Amino acid sequence: MEDRKRPAISSADEIAPPSKRVAVNGSKAKDDPLDMKEESWVEAYTKGAIYRQMQEYSRKASTYESRLEELHKRSVHHDDHLRIIDAWWRQVLDEMELLLADSGVTSQTPSEPPYLSSVSFKDLHDFQKHLSEKGKGIKLRAEAILARLASSRGSIKPDAAKLESKVAGLLAAQKEYFAKLDRLKTEKDQLSEQLNAATLRYFKAEKKLDRAKSSQVQKMEQQAFANATRPSASGDVNTDSGETNGNSGELLLKYEEATAAATKQKEQLDVFLAEIKALQDENSTLKAKRDTLTDEDFIRTDVFKQFKNQNEDLIKRINTLEATNKQLREEAERLQAERTAFRTMLEADANQVTQELESEIILRDQDLARVRSARDELLAETTQHKARLDQERASVEQVKALASAKEDRITALESQLSRLQQSETQQAVSPDIEALTVEELRLKYTKLQQDFDSINMELPAIEKAYKKMKELAHRKAMDFSATEERMSILIAEKSKADQKYFAARKDADTRNNEIRSLRHQNSKSSEIIAQLKDLESQNRVLLGNLEKQLTDLKQSNASLMTENKKMEVTSLDAVRRTESLNKQVSDLSNLVKSKDAASAVVRERNVMQETEVEKMKVRLEHAQKDRDNWKNKALSNSSEEEEMLRTFALCTICRNNFKNTALKTCGHLFCNQCVDDRISNRMRKCPTCSRAFDKMDVMPVHH
């Protein structure tokens, strides 16, 4: 790393090689393994191998101890789990028997130990036998309890059928969850196998790393590098000496190239070893973290906190739902019992009330028959009274007609009376007829004619009045006979009505007594109805509360179902993401492997190129030394013309390097370093003519 940061030679005075090149010659690393004896080397190598094997044994022992401790914890957990399961089964069976205690059926519980006596069996057959016996006992007790439940339960209600359908649906969902659990278990087994393979690869890599970190192996590698570089260098020296007849400069150049390559390789090895050590430390820390991960580390993670919060919320909801479910079940049972008792009481009261009402209805039917008969009699009486009124109205009309006939008769009699009075006066005054004269006779005739006319005029009125009187008299006679008959009939009916009246009075007294008793019964029934209404209102309030609680439970159940569906969707998404991530991890691992292979190839190329660069640097240093020597020689033996030519060949900007780069725009010559500096500093104008140029306008003249 320090060689890369070494400053370049910028002047002719700095011709001495760096101090590090003098200090590092690479001879000690090559000569140390040659001084070691064979026995000591073998002993040191065996000690290193034994030490590495002991380290491997210690790692295996630590892993085995951690696994043993984990297995011990799991075995204790499984033992406690089996004990808890056994106690739970016994508690469930005891609770089922307590539920059947009200029916009066007693069951003989077999004498069993209060815990599992064969949890830690070593023999699998005995443990299987123990489990089969335990399962048979639990099945027998459960079948007996369920048979008693079925016999005592009777017909299945629709609620029970709905619950059984819900249980069937939940069992189907449970089977689906079991299938998912099996799939996740298989995936877990596959991941555990992959983890075991990765740990095996890790152990192998750690073993190789320990072997690479061993001092003996490093010495062997250094010796191999020295042996690989030495013959080539010696061969080159021999050939070069053969060709140049013992040219020591070229041998020294080759030697320095070999030493530079060896030092560069040593530096690369140091870098690789440092990287390997850092990776090993990181691997050991990661392994320690993986092995020493505690529950607190998991508790501190955000995923665990989120899962814990969700789990606590679900547990709280489940506890509240269980408590409310238990409370509602107890309240429903109590209400069912009250409902049955209330129904029996209502049926008894209704039967009693119906019997009383039927008896009252019979009495009311009898009363209705009596009332209808009384109504018929009253209707008959009213019709008779109407007929009587009609007859009286007709008699009144007849009386009126008789009065009119009487008036006619009175007028006729008045006219007759007046006529008779006149005739009497005339008779009293009139003399003898024979003594009368013609005039007197004529007068008398006219008078008689007048009387005759008046009599003729009176006769129709008299006849009419006579006819009317005759008719009225006949009618009166007939009416009188009819009234006599009606009077006899009415007298008989009056006697009958008196008898009916006394019977109706008796019936009215009995009805009044019945009405009093019915009113008393009605007051009692109204009190009972008021009590029933109060109970019905209370039941309605309870039903309303229960319906509200049921709606709340349905809503909570719906929210839980939606959350469950969301959790299923999220779990499916997580599974899909894990699958996609696993695919991505596999793709990335393949890509990383390919990239690692490519990087290894590139690294090898870089190593070879770095060694070549070191060799070229050594050659460059020798060339610079030769140049400086020739420069000094030339300066010591140069003339003014040579000095002028030399200054003309030097760059006009730095006066240090020779002109080797020309600008196409103007044709002036400068050194490539100055031109590159001006391009990088954005001073892209010729210092001689100030013409602009670009990177494409630069042209090398010679090398």
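Any Cβ shown, glycine's included, is placed from N, Cα and C.
Looking at 1-35, 351-385, 421-455, 561-595, the range tied to region 'Disordered' in Swiss-Prot is 1-35.
Taking Swiss-Prot as the reference, the stretch among 108-140, 603-635 described by the feature coiled coil is residues 603-635. Each residue in the zinc finger (651-690) gets a DSSP state, and the totals come to 9 helix, 7 strand, 24 coil.
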